[in-house]
Amino acid sequence: MVMAILTRQSRRKHLRVYNPPQQAAEVRYTPSATNSSAVPPVAVPPKPTADTILGKQYEDVRSVYSFGKELGRGQFGVTYLCTEIASGRQYACKSISKRKLVSKADREDIRREIQIMQHLSGQPNIVEFRGAYEDKSNVHVVMELCAGGELFDRIIAKGHYTERAAATICRAVVNVVNICHFMGVMHRDLKPENFLLATMEENAMLKATDFGLSVFIEEGKMYRDIVGSAYYVAPEVLRRSYGKEIDVWSAGVILYILLSGVPPFWAEIEKGIFDAILHEEIDFESQPWPSISESAKDLVRKMLTRDPKKRLTSAQVLQHQWLREGGEASDKPIDSAVLSRMKQFRAMNKLKKMALKVIASNLNEEEIKGLKQMFMNMDTDNSGTITYEELKAGLAKLGSKLSEAEVKQLMEAADVDGNGSIDYVEFITATMHRHKLERDEHLFKAFQYFDKDNSGFITRDELESALIEHEMGDTSTIREIISEVDTDNDGRINYEEFCAMMRGGMQQPMRLK
């Protein structure tokens, strides 16, 4: 009942932000018919611009902020560094193209995200919302600039790591969950990429930055649309009947990765990941788990309990003896190889996607018949790329009943280079059956692509050069992956090692000995 009240109150509260701003109203003077003096002025409030998303008049965000460099690019828009003209303070501005918000659901998603950001703003570990603006072409969301970078990047750069450090990070993540749930919000997409550090300082605060899939909790409602990211999704999401408990599961997956460097459930394809989430036992046997404290493992188990009714609540997690400030988390360094595994986990998918893309670009017409026509049918403007809108429309024509969120996830998975559209090779890579892509002749062509000098080996320089050319990873990360693939330790990757990397799972080559 408390949640329902909070939700209703928060919705009423949010709607105020979209009222017409308190600016000078138009003043109309009506001359008197019998008197030369004017009657008192009648204020006529400005009318909201027709067909707005935010329900208020258009405003020029550039009259308040000056825009600088691009910080990132996503499916619906671009994030820029911006500076408040009056104060000189720097913020981030996400500019969302209205042209890409083609459906009523798209527009409602943006409204809801802004409402939730404003509702949660000012709370610890949550990015501060500054304001929302709308003009003819875009919706602009101005928020706190988190200049400290991604969570995992900071951990890896630091080079040493303890259970206590993992507990501090996990406490911040679970605190976000606790705040969201207390304030009537379910996040639905907790993952490390959605957390940034506020500054470059050593003890910078961790901030949750993305609420695009979040919803206001409706008491008694069971949610059914599949949302989230594969490694972090809770089993009840896959069963299409879930509530806010899913956020604790996702936080538990993050904790498992913080302690071991890899996710608890993995596979080469999404279906395999989902099967593991539903049925497999959590691995506490392989390294580094024997050296991790029993208290830490106890918390992971209780956060990753498959029955949501038996899973700890966010408030209970914060009270766990391992997680509490000054609690049982050890200050003894965790094996440094965990950092290496964490780095590989972040980059391995990019490496394999790159190789698969090379293979897809070399498939012959016979192997891709049907897929080429499907691509052309979806590419309605003949641009050579498929936009989100075209993908959604094309899937609908094929009889797909995927939700908006599921189509967005398909788009993100297929869009390897992250430019917001799917090119022909990306489409083939995503739709071709994996066993065809992994046939010997295709793997050999991919091997030859990297083996520029036809020496029969891929050197570190060759693979680094190819991956940097396609902006798929940084040099240090690539070196570590090559070291893992190079099982005979001769400093090069031969064809057998390359095939093993492509066909094998992520977990086995990344296990600590």
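Each Cβ is built from the backbone N, Cα and C atoms, and glycine gets one as well.
For reference, Swiss-Prot has these:
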- LEU71, GLY72, ARG73, GLY74, GLN75, PHE76, GLY77, VAL78, THR79, LYS94: ATP binding site (BINDING)
- ASP189: active site, proton acceptor (ACT_SITE)
- 329-359: region 'Autoinhibitory domain' (REGION)
- 366-401: domain 'EF-hand 1' (DOMAIN)
- ASP379, ASP381, SER383, THR385, GLU390: Ca(2+) 1 binding site (BINDING)
- 402-437: domain 'EF-hand 2' (DOMAIN)
- ASP415, ASP417, ASN419, SER421, GLU426: Ca(2+) 2 binding site (BINDING)
- ASP451, ASP453, SER455, GLU462: Ca(2+) 3 binding site (BINDING)
- 478-508: domain 'EF-hand 4' (DOMAIN)
- ASP486, ASP488, ASP490, ARG492, GLU497: Ca(2+) 4 binding site (BINDING)
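As a whole-number mean, the pLDDT of the domain 'EF-hand 4' (478-508) in this prediction is 72. For the ATP site, the Cβ centre of LEU71, GLY72, ARG73, GLY74, GLN75, PHE76, GLY77, VAL78, THR79, LYS94 serves as reference, and the other residues of the chain with Cβ at most 8 Å from it are SER95, ILE96. Within 10 Å of the Cβ of ASP415 (Ca(2+) 2 binding site) there are 22 other Cβ atoms, across all protein chains.
According to its DSSP assignment, ASP381 (Ca(2+) 1 binding site) is coil. Taking the centre of the Cβ atoms of ASP451, ASP453, SER455, GLU462 as the Ca(2+) 3 site, the nearby residues of that chain (Cβ within 8 Å, site residues left out) are PHE450, LYS452, ASN454, GLY456, PHE457, ILE458, THR459.
Closest to GLN75 (ATP binding site) by Cα-Cα distance, out of the binding-site residues SER421, SER455, ASP488, is SER421. Cα to Cα, ASN419 (Ca(2+) 2 binding site) and ARG73 (ATP binding site) are separated by 7 Å. Taking Cβ-Cβ distances under 8 Å and a sequence separation of 6 or more, the neighbours of ASP379 (Ca(2+) 1 binding site) in its chain are THR385, ILE386, GLU390. Spacing of LEU71 (ATP binding site) relative to ASP381 (Ca(2+) 1 binding site) is 29 Å (Cα to Cα, whole number). Of the chain residues outside the Ca(2+) 4 site list ASP486, ASP488, ASP490, ARG492, GLU497, PHE457, VAL485, THR487, ASN489, GLY491, ILE493, ASN494 have their Cβ within 8 Å of the site's Cβ mean position. When the binding-site residues ASN419, SER455 are scored by other C-beta atoms within 10 Å, ASN419 scores highest.
Of all the recorded positions in the record (ASP189, SER383, GLU426, ARG492), the one with the smallest CA separation from ASP451 (Ca(2+) 3 binding site) is ARG492. The Cβ of THR79 (ATP binding site) lies under 8 Å from the Cβ of GLU70, LEU71, GLY72, ARG73, ALA92, CYS93, LYS94, SER95, each of these being in the same chain and 6 or more residues away along the sequence. Least crowded of the binding-site residues (ARG73, ARG492), judged by neighbouring Cβ atoms within 10 Å of its own Cβ: ARG73.
Residues ASP379, ASP381, SER383, THR385, GLU390 make up the record's Ca(2+) 1 site, and a Cβ search at 8 Å around their centroid adds MET378, THR380, ASN382, GLY384, ILE386, THR387, SER421 from the same chain.
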